Structure formats: C-alpha cells, structure tokens
Amino acid sequence: TFCKRVRANDREYNEKFQYASNCIMTSKYNIITFLAVTLFEQFQEVANTYFLFLLILQLIPQISSLSWFTTIVPLVLVLSITAVKDATDDYFRHKSDNQVNNRQSQVLIGGILQKEKWMNVRVGDIIKLENNQFVAADLLLLSSSEPHGLCYIETAELDGETNMKVRQSLSVTSELGDPNNLAQFDGEVVCEPPNNKLDRFCGTLYWKDCKYPLSNQNMLLRGCVLRNTESCYGLVIFAGPDTKLMQNSGRTKFKRTSIDRLMNTLVLWIFGFLVCMGVILAIGNAVWEKEVGALFQSFLPWDPPVDNFLFSAFLSFWSYVIILNTVVPISLYVSVEVIRLGHSYFINWDRRMFCSRSNTAAEARTTTLNEELGQVEYIFSDKTGTLTQNIMTFNKCSINGHTYGEEQHMAALDFSAWNPLAARDFCFYDQSLLDAVMEGEPAVHEFFRVLSLCHTVMSEEKSEGELLYKAQSPDEGALVTAARNFGFVFRSRTPGTVTTQELGKAVTYTLLAILDFNNIRKRMSVIVRNPEGRIRLYCKGADTVLFERLHSCNHELMNVTSDHLNEYAGDGLRTLAVAYRDLSEEQWEEWSEHFRGADKATDCRDDRLAAAYEEIEQDMMLLGATAIEDKLQEGVPETIAILSLANIKIWVLTGDKQETAVNIGYSCKMLTDDMTEIFIVNGHTVQSVREELRYNGDVCPAPPPSLLESISGEFALIISGHSLAHALEADMEREFLETACACRAVICCRVTPLQKALVVELVKRHKKAVTLAIGDGANDVSMIKTAHIGVGISGQEGIQAVLASDYSFSQFRFLQRLLLVHGRWSYLRMCRFLCYFFYKNFAFTMVHFWFGFFCGFSAQIALDTGYWTAINHFFIWGSLGTYFTILFAMHSSILFNIFPKQFHFLGDAHNTLGQPVVWLTIALATVICIAPVLAFRFLKLDLKPQLSDTVRHTQLVLQKKRKPGGRAGRGVGGGSRRSGYAFAHQEGFGELITSGKNMRLSSLALATFASRHSSSWIDTLRRKKHANSPGWSQLKTVLIRKTLLFFFFVMYTLLFF
C-alpha cells in the first residue's frame, strides 16, 4: 500500500506530513545526553556498580573503618577515563556527520538554483546534480543532459559494485531540463514508505491528470555517484534517515569482550564469596561478643547504636564487606585498561601491518576489544575491494587450439611501437600471440574481431588517438582493451553501425541486431554485415551453454579448448568461449522477421525473444576462449588457508553476482575441486528455499559436537540474496544455520547491507561465537557494527567502513597477523594477568580474614592501606628505576673515566664471553633449566595431548587419506566456475544501444589493469604434505620423540648428580 505523498516544489504541503530532514546522525551522544548515557553504559559493568555500593557503605561511620576517599577517587578516575575515551570516539563520528551534512547541493527554490547544505534539503525539493557528485538523498530522476533522460551512476557505497549502472527518467519529464520548466513542475508522487530494499521501488507520479508508474530504474539513491553525465535533475522522495542507505545502516552498538562478561560473572561469584566470609566473621563476632565481649562491658562498652550482640554482628558484617573488598579492587579495571591501551599501541606500531604503497598503517580505533581478537571463530568478509582489487586483466587466451599467455616471466610487450592507439597500462607477456597477429593468422584475427564487435561498450575519443571506454562491466572493458592493443580497435558506434580500426585500417560494420545478455542465456551475440556484404553472427558467453550450440565438426577443437578452460579455471581465472556463424541473406531475412514479431509482442515478449535468439544461435564455429583475472589482493589465498588451519570459518557476504563470487571463491581457495559437494540455494519462494535447504541438510551431515570431527567437512554453500531473505525468517533460520555451519565455505551473493548484518546477528545469537566482519565500503557498515569486532579496509570505496570499524588497515592479508599474533598474545597476556591479579588479591584479603580470628572479629585491618600502597609503589617504581640506572651506568663511558681502576677497559663483556668456561657454564645452566621442561612437554604430548595437538594430527591424517576427486555438487556443472563473465554483465544494454537512446558524443572508460597474482604457495604446501606416506611419517615422529626424551633424561640425570 502506498502511504507517502510528495508534491514537487511545495514545501508547505510536504511539511504537513513531518517527513524526516536530510540531516543524518550516526553518533551515540550529544552534549545533553552524554553524561547520562555514558554513566548508564559504564554502570552496566557489575564492578562499577559494586564499587558504588561500597562507596555508599563507606559513607556510614558506624560500619566503615576505611576512608571513603580510597574508593571514590579511583572510581571517579576510571569513569572519567572511560568517558573521555567514549567522547573522543564520538567526536570523530560527529565530525564525519558534519562533513556529510555540510556538503553543498544546488536546490531549485523559486525558479532559481541556490546552493544549500545537504542538511537543509527537504522532501519535495528539486536538486541539480553534476558529474562525479554524490547523490544527496533518494531522488526521482526527472531529466538529464543525456539523450532520452539517461544517466550513469556508480553504486559502490550501496552494493560494492564499481561498474556503471543506467537510470532513466520518465519520458514525460525528460524534456524538463530547463530550471524555468522545472520550477513549474507540480507533479505529486505517491509511493511506498521508507524501507531497506535497495533493488525495489514502487510508486506512481500524478501530473496533468495522468498517472505514470515508477520503478527502481527511475530512482537515484543516496550514496550513488553520478558518472559520465554532465548534469541531471531529481525530486527528493526520501531524505536523511529515511533513505535506503541509512535504512541499511545499523546503529552504533556498545561492544563488550568475553573477558568483560567473564569478569562480570567472576565479580558476582566473588561478591558471593565475600558475603560468605562476612557472614562467617559476623557469626564469629556474635559469638565472641556474647561469650567474651560481655566481660568488658564495664570499661569498654558498645558504641551508642549497638545495644546487643546481634546488632553488633550485623554492623560487623558490613564492616567486613568493606575491609575485604580488596578481593576485587578497582585497580583491576584500571590495570586492564592500561594493558589494553598498550596492546593497541603494539598494533599501531606494527611495521609488518604497514602498507608502503598507500602509506597506511594499521590502527586500533578502540582499546577494549584486543583480547577478543584471539577468540574469533567466524569471519564475515565482503568481496569487492576486500578480497579483490576489482581490477580485471586479460591474462590468457586459447585460439584455434593454441594457448597463449603462459610466459609471465618475460618482459611486457611494447604495443605502442606499431599501434599508436594501444592502451599504455595494458600488460601481456607472450610474444607468440603478437607474432600470430602480425603474420595474419585468420583464426587469431577473427578472435580479436569478435572481441572488438561483440560488446556493449561505449567509446569516447578525447583527442586524436586518446580513447576512453565506458564499460558496463569490468570484464567487457578488459576484453575490448585487449582487442585494441592487438590491433583491432573499437572506435565508435551508432545505433546501426560499429566502427573499428583493424591493423590500421578503418572498417565500419552494419549492426543488424544485438542478442542481449541475461542470466539465463549466459551469453550475448551480435549480427553484423561487413563492408563486403557478408553477414556473420559473433557470440561470446559461458562455455557450458556455448559448447551445446556448436556445429558437430568442432568436436576435436572443443575438447582441446575445454582442457585449456579447465587449466585457466584451475588458476582461478574468469573464462568465456568465443564463436561465430556465417549467415546467408535468406537466413537473415527469415530470422529477422521472427525477431521483429517477437520484439513487438505484447504478451510473453521475453519468452518469444529467447526462442528467437535460440533459433539463430545454433551450428556455430568455435574460435577459442578468453581468461580474465579478477585480481586478488596480495596474500589473500595464503591468509584464508592459515586462518582455516586455526579453525576460523570464513563466510563471504557480497552484493556481487553469484558466478563472480564463485570464481573468487576458487581463486581464494575457499572452494576447491576436491570438495564433496557444493550446494546452491537459489529458490524464489519460501517453499523452494525450504526444500533446497532440507535436501542439502540430508546430504550434508549436521555439525558434530566435537571439533575434531567437524574439521573433515568438505561441503560448501552458495545462496543468493532473494533466497537468503526467506532463509532468515524465524521458522527457517535454524535450518539455514545448521546447513551453513556444516559447510567449510559459505558464500552469500546479491545480499543487501541489512542482510549482511542479519546473517552476522544470526550467528551471534545461536552459535555464541565471537564474530568479526571486514569490509571496505559503506555497504559494509551495518555488518561491521553488528559483529563483535569490525574491521575496515581503507580502499577505493571511501572511508565509511573505516569510520565505523574497531580496527583498520589497508590489506586483507594483515588480518592474519591481527588475529594470530596480536589477538593471541593479547588474550594470553590478559588471562595471565587476571590469574595473577586474583591470586595476589585473594592472598592479601585472606590475611584480613584470618586476622579476624585473632582480633575478636572486631573488623580491624591488619595492614594500613596507606602503608600497603606506599610499599607497592616503592618496590615497583624502585625496582624499575634501579634496573635502568644500573643498565645505563654499565654502558656509560663517563663511569669508566671516573673509575679507571674499577673499570679497566670497555671490552669486559667481549673478553668474558671469549672464555670457554663461561660458555660451558651457560650451556650447563641452560640444559639443567630447559631439559625438565622439554621432557615434560614431550611426555604431555604423548600421554595427554591438548586439543590443538589432536586437531593438527587429525588434519594431517585426513589430508593424507583424502583421495582426489571431482565436484559432484547439485546444480554445479563442470564448467560453472568458468562462466564468470555471464554474471558480471547486466541485461538491457543491447536494447539501449540499438534504440540509440544512449548515443552521445562523449563516454568514459572503465577498465584498469594490473599484474597477475600467483597462488602456488598452497599447492606447494599440499604437495609437500602428500609426499610422505602416513605410516613412515608417524613412525618417524614417534622414534624422534622417544629418542629426544631418553636423551634429555640421561643428560639431566648426569648433570644433576
């Protein structure tokens, strides 16, 4: 039901509905609420409440033997430090909000364009956007400087995709490009209420007694960037917190670590123990006062409030609660915060997490979660910009049974020497392919001719020889650029022609038809007529669908090409096949008649067009295949492999298309060929999703309770966004979670930012595991805020993820060091510190408890707190000062000059270490100290191994027993991993080109290139592990352990006696 009404250019009418302003606020506090909210959050810590309770008790003179000053000062100090830290974090959020809210936008007011801050934009205003500007609010596109009301946008902050998307205004408003005309526009939009669905919008425009349906194709959402469009005008429909971007952004949450929760529990138990000690001592006081104290009443009477031994015992109980409160001193929390601060500096100072390319160091943006890094069990990662660089490079190709592109160790070819139109940043290393082009091999020429003609790329020539391509997908840009460098240059197009330059010769083809791409066809074709009049169909697409439509004479070439495709796919490259078909004039005329009839059909138009496409795309001749690398960030496969060995599960949550994400899964080694099965959940209804999950649950065993059994899972789950929406419903979420947790890899495709957060919340709620979310764009902010730990990567999609994160760095590979080094050591240090601290305080407190039995249970203190504090400070700072004083003195040349007789020369240490007796003493002392420890470790490893030792042993045994085999996944064909192109493309561009709606004088390229990544490290590791036979390896290990154990025992016995 439509419940929102917006009238253009009428603020007074729109203000009646009290719509949200365009001002956003992601901060937690303001000046008024800061004190109350921060105190509320801090007193959720049980210890703070506990110390506040003690402070109140100490203010009662009858029961307090300690000054209230000893409690209030540390408590205020702890609260103040935490408040200052929270205020500092929130200050940066306010700063970011102000920066966004104060951006300038051109608003049409009274027929005049005026500059207004974003925060002052209102629903119903008309805004002018210019090229490369961010969209200020959710707008209805009214008109554009481009033909037919088209405009191009980039949605990286919404879904992580950097390829161009097209939006189009209604034809009735597309001519209102003049501010004077727009000022007279008084149309009224009735639409759905604010929601978080990025891919859907329903509404109706009422204007001039007519109504026009509105869809998502007419909307420009906040967070998008206007690209390759001079200007456009839009009507504000949703503003500020009502925009879809903000609806998908979760609120900032207060995060606690598991150690904080454990300390809260321990404080409660210790308080219970304290009450028990107080009760025991109070009972002792009652007995003592009744039996012994009564004898002293004549000269030592009770204080005035006390009139019997029971009331004395009652007061004694509260006095002992105060005295024994040191069992949980407030200094514990001060010390914990200081240690956490030190660990944060260790992360900030880590040179191994510094990226010299971007001059970016790792940053711990919070100090409260360091030890939680060592307990992470689930990592939720974005794909584009986090695992990949979103850079497509033409890497290899197979033409007529010959493969090219293997010689990566050679220097990059210089194309500019013979091709003035070659792209400077294109890199290719195989000279034989360039030689084949120069020698005029027909198959090679036809291969690159297909790449230069069969696409939807737009070209712009800024100056003579300077070509810029605007590609709808990065794959398209990489393929057209490859053809350009090998001499087949796409120059320009019109609705009916395509102009290329083939080896320096200008050639214009007549464009007869574009057979558009969609997710079902997984291919696209063009039909062109060359200058000689010959008609030919060129096709490129997924090999799984293209091979089925080849002529029977291609069988041998298809087998060779299939082997090459398998090889490329093994390297994680995105592949597609290339073919052609010659058409006679009669065939073209007959098919053209069918095509025009299907195109004009009013019912079942899509089905009729698909049938027409299927009719002509038959009996094609195979030319070869291409292999494009979606370049990974450095070290991603190695990082994922090492994190998997630590039993950390990695789920990829991406807004990208399914096949693109699957290809990246193979490149990252998350998906492998030896997996037992890969499940694909792609249902569109609740029932279909439920059936697929239950089928997968039957095939995939439920996750066993034992960690040792769970490491053998060789399943993967791939689920799309529309299926995930059903899977996250209350009655199905447990079924989905059980299936996902039984799999080694989980990839969620086409998910919205809110769905990312819901998946993280689902795992947090049911698995009780520590989760970490990592991303680089605004579409990852909700997920980062929801997870226990949020990590932001400072990449190409802005700094929104960094601002919302707890930790930030520039490369995914640094996550390994953050978790396995800093996280592990932070956790171990904190645990050892807590064990020692509780031991120390229990020892100190039990002295007072025991002293109560010797002082008549009179609640007297054994040691004065001032004395104890002074002793602590004296020994701690005194020992540090003494150590450093002696250290610097011994290395001071001044000391040698003052006392030449005592220090004859500076080389004492060198001469001492040159004596054999000294080294013998060091060796003996080392062996005596280390031998028992090593012997104990070996004995413990054999007799009582730890969980990690057993897991490592089980992994090795399973890996040696595992037999190589292919995937037999349901719905995953043998070539599905090779068809990444098909899902990286978007339907509808062919129709736009042939209609001429997007034809204009200028367009922008979207193609960048980089060098190829190698992931041979893991394969080498696997080969080494498989090299040894299981029996000999185990026998060798046992023999070495027993020999070393015997040697250590003998050495230790001889040295001891």
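Positions of Cβ are set from backbone N, Cα and C atoms, glycine also.
Unlike curated records, TrEMBL annotations are generated automatically.
Copied from TrEMBL, the annotated features are:
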- 6-72: domain 'P-type ATPase N-terminal' (DOMAIN)
- 66-84: transmembrane segment (TRANSMEM)
- 266-288: transmembrane segment (TRANSMEM)
- 308-334: transmembrane segment (TRANSMEM)
- Asp382, Lys383, Thr384, Glu476, Phe517, Lys540, Arg574, Thr654, Gly655, Asp656, Arg750, Lys756, Asn779, Asp780: ATP binding site (BINDING)
- Asp382: active site, 4-aspartylphosphate intermediate (ACT_SITE)
- Asp382, Thr384, Asp776, Asp780: Mg(2+) binding site (BINDING)
- 802-864: domain 'P-type ATPase C-terminal' (DOMAIN)
- 833-854: transmembrane segment (TRANSMEM)
- 874-896: transmembrane segment (TRANSMEM)
- 917-939: transmembrane segment (TRANSMEM)
- 1038-1056: transmembrane segment (TRANSMEM)
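TrEMBL feature annotations superimposed on the structure.
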residue: Asp382; record: ATP binding site; Cβ within 10 Å: 29
residue: Thr384; record: ATP binding site; Cβ within 10 Å: 28
residue: Phe517; record: ATP binding site; Cβ within 10 Å: 25
residue: Arg574; record: ATP binding site; Cβ within 10 Å: 30
residue: Gly655; record: ATP binding site; Cβ within 10 Å: 28
residue: Arg750; record: ATP binding site; Cβ within 10 Å: 20
residue: Asp776; record: Mg(2+) binding site; Cβ within 10 Å: 30
residue: Asn779; record: ATP binding site; Cβ within 10 Å: 33
residue: Asp780; record: Mg(2+) binding site; Cβ within 10 Å: 34
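The two recorded residues Phe517 (ATP binding site) and Asp776 (Mg(2+) binding site) have their Cα atoms spaced 30 Å from each other. For the domain 'P-type ATPase C-terminal' (802-864), the model gives a mean pLDDT of 86. Taking CA atoms as the reference points, Arg750 (ATP binding site) and Asp780 (Mg(2+) binding site) are 13 Å apart.
The DSSP breakdown of the domain 'P-type ATPase C-terminal' (802-864), given as helix, strand and coil counts, is 41 helix, 3 strand, 19 coil. Straight-line distance linking the Cα atoms of Arg574 (ATP binding site) and Asp780 (Mg(2+) binding site), rounded to a whole number, equals 25 Å.
Here the Cα atom of Asp780 (Mg(2+) binding site) is found 7 Å from that of Asp382 (ATP binding site). If you measure from the Cα atom of Thr384 (ATP binding site) to that of Asp776 (Mg(2+) binding site), you get 8 Å. On a Cα basis, Asp776 (Mg(2+) binding site) lies 13 Å away from Gly655 (ATP binding site). Each residue contributes its Cα atom, and for Asp776 (Mg(2+) binding site) and Asp382 (ATP binding site) those atoms are 8 Å apart. Whole-number maximum of the Cα to Cα distances across the ATP-binding residues Asp382, Lys383, Thr384, Glu476, Phe517, Lys540, Arg574, Thr654, Gly655, Asp656, Arg750, Lys756, Asn779, Asp780: 34 angstrom.
Using DSSP to sort the residues of the domain 'P-type ATPase N-terminal' (6-72) gives these counts of helix, strand and coil: 31 helix, 2 strand, 34 coil.
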